[in-house]
């Protein structure tokens, strides 16, 4: 029972990580709280659903949802965030919330307000490891999540692109000084983080076998709590925080039956964290 | 005035008080708060509990509710003081979710069923009319406007503006940021408490869903669309954002979409709001005054 919940927590934590890491990356570069990131996640889920309906291929669906969400992410950046860059952060935050509402409502108007599920449950069957039960969709979520996180690690830590991103997030003017095209880098960063948010949308859709317009509501605000716990612009802090919060929620609700609503636990954890260590989870390791 | 117009006017008035109270926190002290619905909720819930569970009268419960909201506002302001700007925005979102979660899941607060049967104010044993209630609401609007104006002109207001402009410079000039941030949180939540009392009493039924995060966004949008740090701005913003959905009731399916787009376009083209420094209205007025 306990281990079952640990695995469930890891699965959900891995998906949170895919969203929150992109959010931390974007925050690190533009200092914008990108609430609309969760809108991109819904776009990914819907694209994946429709491509899967026609092609019956998970790989195609995943690719399509990553591409579509990358395009949406870049559009948001070009049309909304870049022109607002010189205003106070609260203005881009409100614009971002506006974009998020518009995306969700647009999707609701086009595709209808009802929960849609994958035509034939995308993956069927269960695996039994002792008392542990893993549904095959859970296995796929875990595997794809892990592969993506390794990929994110490789791209941000081991490539020139990752190095340039790090430079831009440290100091845009200095990065320009060493002839990094920061405009282009910001665009790529949005494409990159949005692609993984879209993939996360598809994975969640497949895991719960349901896709609906307001599915972004909970991740939108929970991922904010996660990046605060992780230390705002720290991608790996966001990763650890996502796993910790995923585990914490699942175990608190599933094992200890904590009577609080599941979705406020992340925020309670965040407030406690702010009181103990405002610099975030990575701050603890650094000491 | 027809009953519909009176109801609408009361709703606008309640939101005006709310928007003006948030303006003290956001506009004057520069503290981004995205959880203002939580303070509104605390005012409304304290009033509802005091009247329905403990049978207190309208005036006693209102006064107690405002005191409770102020104290909770100060208490919740404390963790918020440790963080600034973006962290503060997220922390206040968190406060909204936590407060709503507690009201929604605790049986003491009626849980998901909410609290019903909240009394309407009475005069000489008889319920007052809606028109009288409306006059009372606008009395409070007037008090809030005067309070905002006085706060803006007082030394505390000047200190808050100084902190908003440059916290370090203000603290070097021995203006304590902690003190004035807490003061603005206290005043802002006290006024939000008044608005909560009026709301609970007027609706006679409240549930946690009335005070969700989107409501906080709406309140902040009222302040920003009108123009923060002005007094006319939040008033105009609350009129606009309450009336517009009523006018567009016939396309009610597209209402939220239009609302989202309005937020984006406002922030994109009028980031200071209609009455702000670079706002449309001041621009027009200036042009006319030059001629």
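Numbers here mean position along the shown chain, with the first residue as 1.
Every residue gets a Cβ built from N, Cα and C, even glycine.
Any TrEMBL annotation is an automated prediction that lacks curation.
Since the structure is predicted, the reported quantities are computational estimates derived from the model, not experimental observations.
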A:159-183, A:184-208 - the range that TrEMBL marks as transmembrane segment: A:184-208
Long-range neighbours of the transmembrane segment (A:32-51), counting only residues six or more past its ends (CB under 8 A): 19, 22-23, 26, 60-62, 64-66, 68-69, 72-73, 76, 80-81, 89, 92-93, 96-97, 99-100, 102-104, 107, 111, 116, 118, 193-194, 197-202, 204-206, 211, 213, 215-217, 219-221, 223-224
Segment proximity, the transmembrane segment (A:88-111) to the transmembrane segment (A:184-208), 3 or more C-beta pairs under 8 Å: no
Residues of the parent chain within Cβ reach of the transmembrane segment (A:7-26), under 8 Å, 6 or more residues beyond its termini: 32, 34, 37-38, 41, 132, 134, 138, 141-142, 145-146, 148-149, 152, 156, 165, 169, 189-190, 192-194, 196-197, 199-200, 203-204, 207, 219, 222-224, 226-227, 230, 232-235, 237-239, 241-251, 254
Tertiary contacts of the transmembrane segment (A:220-245), as residues 6+ beyond its ends and Cβ separation under 8 Å: 10, 13-14, 16-17, 19-21, 23-25, 27-28, 33, 35, 37-39, 100, 149, 152, 156, 169, 263, 265-267, 269-270, 273-274, 279-283
Residues from the same chain, set at least six apart from the ends of the transmembrane segment (A:132-155), whose C-beta lies under 8 A from its own: 3-4, 7-8, 10-11, 14-15, 17-18, 21, 58, 62, 121-126, 161-162, 192, 196, 199, 203-204, 206-207, 209, 235, 239
